[in-house]
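Here's what Swiss-Prot has on this protein:
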type     : residues : note
TRANSMEM : 13-33    : transmembrane segment
TRANSMEM : 41-61    : transmembrane segment
TRANSMEM : 83-103   : transmembrane segment
TRANSMEM : 110-130  : transmembrane segment
TRANSMEM : 133-153  : transmembrane segment
TRANSMEM : 168-188  : transmembrane segment
TRANSMEM : 245-265  : transmembrane segment
TRANSMEM : 279-299  : transmembrane segment
TRANSMEM : 307-327  : transmembrane segment
TRANSMEM : 338-358  : transmembrane segment
TRANSMEM : 413-435  : transmembrane segment
TRANSMEM : 470-490  : transmembrane segment
Amino acid sequence: MKEIESFLVYSSSILPECILIFSSIGILSIDLLSLPNEGDTFWSYSISLAALAISIIILLLQWNKEPVLTFSETFQISRFNDIFRFFLLICSFLCIPLSVDYIRCTKMPVTEFLLFVLTATLGGMFLCGANDLISIFVASECLALSSYLLSGYTKRDVRSNEAMMKYLLMGGASSSILVYGFSLPYGLSGGEIQLRGMVNGLINMQMYNSAGVSIAMIFILVGIGFKLSLVPFHQWTPDVYEGSPTPVVAFFSVTSKVAALALATRLFHILFSSLSNEWHLPLEILAILSMILGNLIAVTQTSMKRMLAYSSISQIGYILIGIIAGDSDNGYASMITYMLIYIFMNLGTFACITSFGLRTGTDNIRDYAGLYRKDPILTLSLVLCLLSLGGIPPLAGFFGKLYLFWCGWKAGLYFLVSIALFTSVISIYYYSRIIKLLFTERNKRITIYMQDYKGSPYFLIPNNSIGITMILCTIASTVPGILINPIIAIAQNTLF
């Protein structure tokens with residue numbers, strides 16, 4: 001009976017991940033057993049979306065379960081880990097409808113795309129709950145390799161191939177640095193691989209305050225800095241964003257950030273909890289550099305995707321305020337709250353530029369001039385998402401930033417919050433510049449695609465899958481502003 005009970009506990013702990021594994025096998029089987037002209041894409045999309053929806057429901061049903069360590073203490077179930085797993089599932093669930101029309105227009109294979117998306121989601125979910133160094137590395141590489149393949153998904157596009165190579169080379173280098181950082185506390189602790197066991201081993205060996213642990217912390221910070229696109233580890237981000245397919249950029253612009261934030265928070269909270277003074281300063285410097293350079297360089301961009309790349313760099317700088325503030329001042333709760341809102345703001349913006357790009361074939365910001373005349377619904381959605389990203393009241397982004405900055409201020413991060421407020425004003429400038437272009441200027445060098453542009457209906461009924469994602473994300477970027485208190489209460493319930 002004890003073995004059966006243990007099996008049920010273990011299997012239920014990774015049941016959402018198991019559903020994604022079985023759905024991936026099902027999608028691959030459909031592709032292998034069906035003829036090319038049978039039109040199996042409907043079933044592939046349906047299986048993937050159903051698997052993600054079921055996984056979300058299971059996670060919600062498991063919300064009140066007690067924290068538990070399973071699989072020889074290599075995987076941890078807790079509310080904090082579950083909220084990040086939930087974020088990853090939401091991202092994937094919204095990104096798949098975003099890609100349907102894009103894949104149909106570019107005539108790219110569906111099965112490979114869905115497999116890479118589900119595999120990346122699977123790796124990110126395992127990374128959120130991984131409790132030992134081996135599981136952390138394997139899960140992070142599963143997420144990273146799937147992201148590399150997604151960035152080079154359009155093989156016939158030279159820019160996509162270039163983006164994949166840059167992402168692969170930089171990602172491989174960062175993974176090597178991260179593994180080297182893991183190797184130092186592993187050796188100094190006497191061969192421990194579990195996170196808390198490693199801390200106990202370092203204390204017992206009287207090596208916790210040694211130079212080796214400080215060096216390991218620096219290497220781990222560099223490795224995570226790449227995954228979060230923090231300045232100065234951000235060089236790959238604009239090129240990869242510009243060269244990769246837009247739905248792919250939408251996907252890993254949020255999933256990689258969510259998984260890396262979960263990993264960073266757990267490492268700093270568990271492994272380096274007594275060294276907060278040592279890692280606070282470098283993390284503050286990275287946050288300041290990311291906020292300043294990300295927003296300043298975004299002002300000069302002419303490509304919408306490159307602008308969003310630098311915008312995402314600055315947004316992560318804001319989110320780091322929550323990690324630095326820590327648990328005592330609701331820093332983690334503010335980070336979770338803003339991350340949830342950021343997912344919808346970012347995906348909503350990418351849904352708008354995906355729809356515009358498919359209809360016009362351009363990504364240049366100046367080609368958006370006068371869009372409101374052709375497509376008022378797309379214009380309204382883009383305006384609301386950009387204003388929410390800038391933190392304009394009463395949209396959700398304003399309340400998310402307000403809570404994040406307030407928690408940072410209470411934690412004594414006065415200079416960091418002041419920089420965040422100043423750079424937020426800069427971000428409002430380049431967001432409002434795009435909004436002004438949408439309403440006031442006309443594009444004289446209009447393309448043939450823009451001449452035949454068919455706008456969405458004037459009523460809020462989307463006529464394609466991109467429109468569904470766009471409307472949902474726009475609503476989620478707006479409505480939570482008046483429902484921020486319940487969201488904050490849920491976030492405060494997810495702490496360690």
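Glycine is no exception: its Cβ is also placed from the backbone N, Cα and C atoms.
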Where else in the chain does the transmembrane segment (13-33) make close Cβ contacts, counting only residues six or more beyond its ends and a cut-off under 8 Å?
40, 43-44, 47-48, 50-52, 54-56, 58-59, 62, 68, 70-71, 75, 77, 85, 89, 111, 114-115, 118-119, 121-122, 125-126
Recorded stretches the transmembrane segment (110-130) and the transmembrane segment (83-103) touching, at least 3 CB pairs under 8 Å:
yes
Please determine whether the transmembrane segment (413-435) and the transmembrane segment (245-265) are in contact (criterion: at least three Cβ-Cβ distances under 8 Å, sequence separation 6 or more).
no
Seg_contact(the transmembrane segment (245-265), the transmembrane segment (338-358)) with at least 3 CB pairs under 8 angstroms, min sep 6:
yes
